[in-house]
Structures are given as C-alpha cells and as structure tokens.
Amino acid sequence: TGIMLNKPVLVESLIVFTIVLCVHAVVWDRYSWCSVALAIQAFYVQFKWDRLLQLGGAVFQFRAAANSGLLPASMVIPLLGVTMKERCKAAGIVYFERFGIVVASTGMLVALFLSVIAVGITKPVPTNTCILTGVAGSIIIYTMKHSLTVSEVIEVLEVLLIFVYLSMILLYLLPRCFTPGEALLVLGGVSFVLNQLIKRSLNVVEGRGEPIDFFLLVAVIGVILLGLFFTVLFIFMDSGTWISSMFFHMMTAVLGLGVIMPWLYRLIQRNPLFWLLQFLFQTQTRVYLLVFWTFLAASACGIVFYQNAKRSSESKKHQASTITRKYFHFIVVATYVPGLIYDRQLLYVAAVLCLAVFIFLEYIRYFRIKPFGQTLRHLLSLFLDERDSGPLILTHIYLLLGMSLPVWLFPRSCAPKGSLSGAGALVPYAGVLAVGVGDTIASVFGSTMGEIKWPGTKKTFEGTMTAIFAQIIAVALILIFDSNVNLNSSYAWILASVSLVSLLEAYTTQIDNLLLPLYLQIMFMA
C-alpha cells in the first residue's frame, strides 16, 4: 500500500543509515555495533508508527502531515554519546569518557522504549518487527551489562523514568505539537538535563563543573517547571483576566527569586546576579558584542512590525513569504558568528538567557496573559509555518536550539588546548553551517530558481546543490577569519558530511532546524 508515498521516507532512512555507518567505521567498538542494531530496529518500527499515525491509532495526538521520524531522532542521542566518548578517549579524560557512554546508553534505552510501545499498540501484533526489536534490545542490554557500573545503570534508569513521566504529561497537555521523533529528542534531552541537575545538586563538589553549565541546567529546568505549574493552574482558572495576569507575574517572581536563585547560589557558591553582571561586562570585546547583538535584536523586531503594518494595509490573509522568514535566519547567523570567533563563553550564556526569554514569551502568548498576550499572538500569526499546527508556536525556539546546541554540547575540556585538528574544530559552527547557511540558501534558491524536484518531495535539486556549495564557502570563510581552526587535510570528510546533511534536509519532514545541526555535529566529531 502506497509504495510511492514512502519513497522520501526510504531515502531519509538510507541517509541516516549512511551517517550511522560512517560513525561506526570511525569508532568501531561495541557501542557502535549497538547503534547499528538500534538503527535497523528503528527503521522497522518507523513503518509501524507511520501506519498508526495514518489510521489514527496512536495514543496521543501528534503533528499532522509528517511521518513519525523515529529513525533520525532515535539515532541522535546514541551517536552523540559515542562520538563524545571517542573524542574524550583521545584526549584522555576519563570522567567525560564515562559520561559519553552514559549518554549513549540512555539514548538507546529511551529509543528502545518508544519502539516497544509502538509494537505493543499495533494490532495485530507484528511478529518480525517484534523479533527484531527483541534482538536489538537484547544486544544493547547485554552490552550495557558488561560495560556500565551499577551507579551508571541506575542513572540511565532514572532518566528513563523521568522521560516516561514527562512524555505522558506533555503529550497529554499539548496535542499536535510534536511528531514522535521530535518528542523523543526534546523530552529525552530535558529528562537527561533534569537528572544531571539532581545528581549535581545532591553532591556539590568544589570545582567540578563550571558555573556556566549550571546556569544552563538551572535555567532550562526552571523555565519548564514554570510552564508545568502554570499549565496545571490555568486548567482551574481563566487565564485571560487581569487577576490571573497579576498572579502569573507574581508567581514568576516568586519562583525565580525563591527557587532558582538560591539553587544557583548553592551550585556556584556566589551570588548569581552579581556573577552574571561581572561575567557580562568582563572585557572590552564583550561590551561591544552585547551592543552589536542589541542592535540586531532591535532590527529583528523592526522587521516584524514592518511586516505587520504591511499586512494591515493589505487587509487580507497575508502569509510572510519564505524570503521574509529567512531574514531571521540571516540575523541569527550574524549573531552567532562573531560570538563564536571572539568569545565562546559569552555566547553560551547569552544563548541560555535568550532561550529562557523565548520560552517565557511563548507562555505569555499561549495563556494570553493580559497586557501582551493578544498582541504577541497577532504578531506571530504572520510568521506561522505549516509545521506549527499545534497550540504552541515552536519554530523559533527550534531555530535557537539548533544554533546553540553545538555550542552547549561541545566538550570544552576534551578539546586539546590551542588548535583543534581536523574537522573537530568546526563542531561549534555546526549550527551556523547547517541551519543558518545551508537551510536558508537551499530554501531561497530552491523557491526562486528551482526546476528539478527531488522525487517525492517539494525540495529542489538546485536548492540542495547551492546549499552544499554555500556551506563549503562558509567553511573557507571560517578558515580565513578564525585563526585557531586548522583543518589539515580532512577536506573530503567535511565535504561528505555537509552533502549528507544537505540531502537529509531535502528529504526529512521533521523540524530540520533541530535535526540538521545535531547530525552535522556528529559527523564533525567523528
């Protein structure tokens, strides 16, 4: 049934398989064998999920008009863990090497869990998929039994538990926001962060972990707790009134100053606000960067208001064109590149702050909090994608996440000081390359000049070719401007990884802002 329908899915799976096999060839130990088994099994289960989504047999409501995307998403976390382990093994830092192993096994278990659910709710029971899932699961669990200590096993199980609870809550509260794959990525990441935070808070060791990392962990968890709290609260209250607006702001202040601030103070042993101010204005370049970024943010707001004025003058249903939406991609590239070249740490903190602010604004818009909620909703309805069918508008948050995840996940202590050799130096730039350059150029060129379509998709051949070309030019520019990147002869690998990721961009129906940078980063780290 519908062989033509599944063509893009097959190609997408093929591309992901290629990436997995590349990593496997580089790493070549038992973990990468596990990831290969997981990939084969996810490929089978993906068809089951797709059928469930088409027949409406899935338990929760997922995002319409996209396939389940289980294979690409379930491969991200294990591959990240495996490549991180390899990097740190080369640098000889045992702590981070164990950490990479834990990340990999966690990702594998969570993905297996989703697959088992899918097999379980399919009627009639699919026997060969069951057998495959069982084989892959037994391989993975056997490997984990032989390579993890008891505490690490407990940690993995904790993450799995948190993941189950979070997925139940979030998918029940927010229908039609995720596909199963994106739910796996986002919720798996959140539960891992939560577990790390609990573990670090329980045993505070002096000097282990930088303040920046704690800042990221606490900010993410605080914002999510805020969201869950208000969601539960506004089930019982009407959120459009002034009283609830006052309540919202008061509760935010209480949670921020009464929970998050002391928590940070306990973790970094300093006053967080003073630390933040001192951090932001430490050197001359930081002040310049901050001024530059403020200017860019103001210009972005200006674009929004200008488009809105244009829409009200035309007074019809006017969607912003693709070109307009890609202005923002351009602005984001302009924010990230100077930060990456001059001051990584500042970029890290600024991205965390920006993420918190974005999610907070999203709460205000979603609950229609009194002074600004309606206007925000009106302004943002212009820039809607076909991918934002649910009650939340998530594309801009995904854009921010995709750009900053390579910066956050970059294992700084594993990088040898000075120049990184090979493609590894490009790891922090993965977000800028994949989303900022590749995706933007592909959509602009493909929608204006594209003639030849890829079979079964809306994306064009020209768009993908220009994207690969532009990413190579961008790599050359980074080589010129950033003096501590040193590639020495790994050009073929870079070319291959960039082309693979661009192909994946053409074929995937998932939110590409989130998937592409992670895959590019995995390829670069391997």
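The backbone N, Cα and C atoms fix where each Cβ goes, and this holds for glycine too.
Not measured: the values here are computed from a predicted model.
TrEMBL annotations:
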TRANSMEM  9-28  transmembrane segment
TRANSMEM  95-119  transmembrane segment
TRANSMEM  156-174  transmembrane segment
TRANSMEM  214-235  transmembrane segment
TRANSMEM  247-265  transmembrane segment
TRANSMEM  285-306  transmembrane segment
TRANSMEM  327-342  transmembrane segment
TRANSMEM  348-368  transmembrane segment
TRANSMEM  389-409  transmembrane segment
TRANSMEM  429-449  transmembrane segment
TRANSMEM  461-481  transmembrane segment
TRANSMEM  493-520  transmembrane segment
Using a Cβ cut-off under 8 Å, which residues of the same chain at least 6 positions beyond either end of the transmembrane segment (389-409) come close to it?
63-65, 80, 84, 174-178, 216, 328-329, 332, 336, 340, 344, 347-348, 351-352, 354-355, 358-359, 362, 365-366, 380, 383, 427-432, 434-436, 511, 513-514, 516-518, 520-521
Beyond the flanks of the transmembrane segment (285-306) by 6 or more, those residues with Cβ under 8 Å of it:
324, 327-328, 331, 334-335, 338-339, 342-343, 346, 350, 379, 382-383
Please report, as numbers and ranges, the same-chain residues at least 6 past the borders of the transmembrane segment (95-119) whose CB is under 8 Å from any CB of it.
31, 34-35, 38, 41-42, 45, 48-49, 52, 70, 74-89, 125-126, 129-130, 133, 136-137, 140, 144, 147-148, 152, 155-156, 159-160, 163-164, 180, 184, 188, 192, 411, 413-414
What stretch of 9-28, 214-235, 327-342, 348-368, 493-520 shows the most Cβ pairs under 8 Å to the transmembrane segment (461-481)?
493-520
Same-chain residues near the transmembrane segment (348-368), Cβ under 8 Å, at least 6 residues beyond its ends:
212, 215-216, 219-220, 222-224, 226-227, 230, 234, 239-240, 248, 252, 276, 279-280, 293, 339, 374, 376-377, 380, 391-394, 396-397, 400-401, 403-404, 407-408
Please identify the stretch among 9-28, 429-449, 493-520 with the greatest number of Cβ pairs below 8 Å relative to the transmembrane segment (327-342).
429-449
With a cut-off of 8 Å between Cβ atoms, can you find at least three pairs linking the transmembrane segment (9-28) to the transmembrane segment (429-449)? Only pairs 6 or more residues apart in sequence count.
no
